[in-house]
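The block underneath contains the structure these notes are about, expressed in structure tokens.
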Amino acid sequence: MKQIKFLRLRKAAYGVSALLILISLLSLLFRGLNLGLDFTGGTLYEVKFEKSVDIGKLRKTISSAGIKGFLIQETKEGTFVIKVKTGEPVEKLEDVLKKFGKYELIRKETISGVVSEELQKKAVFAILTALGGILLYLGVRFQPVWGFGAILALAHDVITVLGAYSITQREVNLEVVSAILVVAGYSVADTVVIFDRIRENLRKKKGFTLEEIMDLSINQTLSRTIMTSLTTLVTALTLFILGGYALSNIMFAFVVGVVVGTYSSVFVASAFVLDMQKLFKRGEVQTA
């Protein structure tokens, strides 16, 4: 079977990656992220209607009233929990609720900005801790430059996913942050599979250049990469299309992340390691 020379395309891939990162960073800079209630603070309402109310119609009616930053959930007890972000015209919510008949306000709570600020710090700390752990693990298992290659691919994926949320102005909440961390782990797993095969082939194959070894290794793991990515992508796409608003919002991170992560494990991580090895003129990679 003919081998695909992936790494011959790395300069074009660098251009694609640079464009993705540039667009993402510009959007994050000028549009920002649509942070959810978990990060901004707001007000929580729990109401119970006398008659049965469809959650989809309720969500659409609230949105039509000009309230954009909100979440709505239906409980097992038949009540609706509505969370509205700070700065939204909450005074319109009462008028919306009246359209669905008589209702009882069970509770109303304020989520303070202090709590939200703490959540932001925890989210950033979780991401930085994950990045540090990955760098340490790969640096010990392979070489520091390999670890940096994986981190570069990981940063590429996270920035692109965040950029996609910024461009579409989808809400970023704690569930989305968790999804991004899962996507990060998925991306690293893909990269480690390729790196492992490269290390194995470096020991077995003699008389080949590093680029040839890398291309061979990527081709050998290609079927596994494609099957794993397609399986995950089909599942994520199904839930993204058929799931409700909250689930669709989370699955958006998986859809974008799986596509970008598969691409980066080949064209970012491996390409970076190859060019760094060439830069320092190291013919072989010393493995742990």
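Heads up, residue numbers simply count up from 1 along the chain you see.
Glycine residues also receive a Cβ, built from the backbone N, Cα and C atoms like all the rest.
Per Swiss-Prot, the feature transmembrane segment maps to 13-33 (among others); the stated evidence is sequence analysis.
Per Swiss-Prot, transmembrane segment is recorded for 123-143 (among others). The list of residues near the transmembrane segment (123-143) in space but at least 6 beyond its ends in sequence, with Cβ under 8 angstroms from a Cβ of it, reads 39, 150-151, 154-155, 158, 174, 177, 180-181, 184-185, 188, 192, 195, 199, 285-288.
Note on the transmembrane segment (145-165): residues 17, 20-21, 23-25, 27-28, 33-34, 127, 131, 134-139, 172, 176, 180, 183-184, 187-188, 191-192, 195, 252-253, 256-257, 260-261, 264-265, 268-270, 272-273, 276-277, 285 of its chain, located 6 or more positions outside it, place their CB under 8 angstroms from a CB of the stretch. If you look up Swiss-Prot, you'll see 145-165 (among others) marked as transmembrane segment.
For 175-195 (among others), the entry in Swiss-Prot reads transmembrane segment. With a threshold of 8 Å between CB atoms, the same-chain residues lying at least 6 positions outside the transmembrane segment (175-195) that come near it are 36, 123, 126-127, 130-131, 134, 138, 142, 146, 149-150, 153-154, 157-158, 161-162, 165, 217-218, 221, 224-225, 228-229, 232, 246, 249-251, 253-254, 257-258, 260-262, 264-266, 269-270, 273.
Long-range contacts of the transmembrane segment (226-248) within the same chain: residues 59, 71, 73, 175, 186, 190, 254-255, 258-259, 261-262, each at least 6 residues beyond the stretch ends and with a Cβ under 8 Å from a Cβ of the stretch. Marked as transmembrane segment by Swiss-Prot on the basis of sequence analysis: 226-248 (among others).
According to Swiss-Prot, the transmembrane segment annotation covers 252-274 (among others). Long-range contacts of the transmembrane segment (252-274) within the same chain, counting only residues at least 6 positions beyond its ends with a Cβ under 8 Å from a Cβ of the stretch, are 6-7, 9-10, 13-14, 16-17, 20, 145-146, 148-150, 152-154, 156-157, 160-161, 164-165, 168, 170, 176, 179-180, 182-184, 186-187, 190-191, 193-195, 198, 210-211, 214, 218, 225-226, 229, 232-233, 236-237, 240, 285.
Within the same chain, residues 156, 159-160, 162-167, 169, 172, 260, 263-264, 267-268, 271 sit at least 6 positions outside the transmembrane segment (13-33) and bring their C-beta atoms closer than 8 Å to a C-beta of that stretch.
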